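Okay, so here's the structure we're looking at.
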């Protein structure tokens, strides 16, 4: 019997056996393995939503620490604006030859907070692209597993709503975007 090979479909499909998920090593050879793989994809979708909540929680914790140190607007500190330090950035650009710097507002973060935020963001971006690749198998069952994982994760970790923030238009509307 010849060795089994991964099927590569660029069209909607319902294949169960010989489906490979992202890696050649994640080769599905039985219905049971496919069901377990779908459950793993659901778990990854839930993990993605947990990570998004963890990012927001980390930001709140860092903001509370900075506020307790007297930094930021909440304690009367003045936010640093890059454009106020470097002159009017509207004047800079291609026509003048001056470097255009993006205006930076807010409180500068300590390096430890920047590293923590960057690491969590990197993991979240990796997982979002991984789920996108699973989606791109065009396998109906795996697509449904990604969507169920995202919905279940949103249900589990989206238990609170900042009503004032929503009404003010300050909502994180990324949804299941890649990043």
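Backbone N, Cα and C define each Cβ position, glycine as well.
Non-local neighbours of the transmembrane segment (32-51) in the same chain are 16-17, 19, 21, 26, 120, 123-124, 127-128, 130-131, 134, 141-142, 144-154, 156-158, 176; each lies 6+ residues outside the stretch with a CB under 8 Å from one of its CB atoms. Annotation source TrEMBL lists transmembrane segment at 32-51 (among others).
The feature region 'Disordered' is assigned by TrEMBL to 70-90.
Per TrEMBL, the feature transmembrane segment maps to 118-135 (among others).
Using a Cβ-Cβ cut-off under 8 Å and counting only residues 6 or more beyond its ends in the same chain, the transmembrane segment (141-157) has close neighbours at 14, 16, 19, 21, 34, 37-39, 41-50, 52-53, 131, 134-135, 176. As annotated by TrEMBL, transmembrane segment applies to 141-157 (among others).
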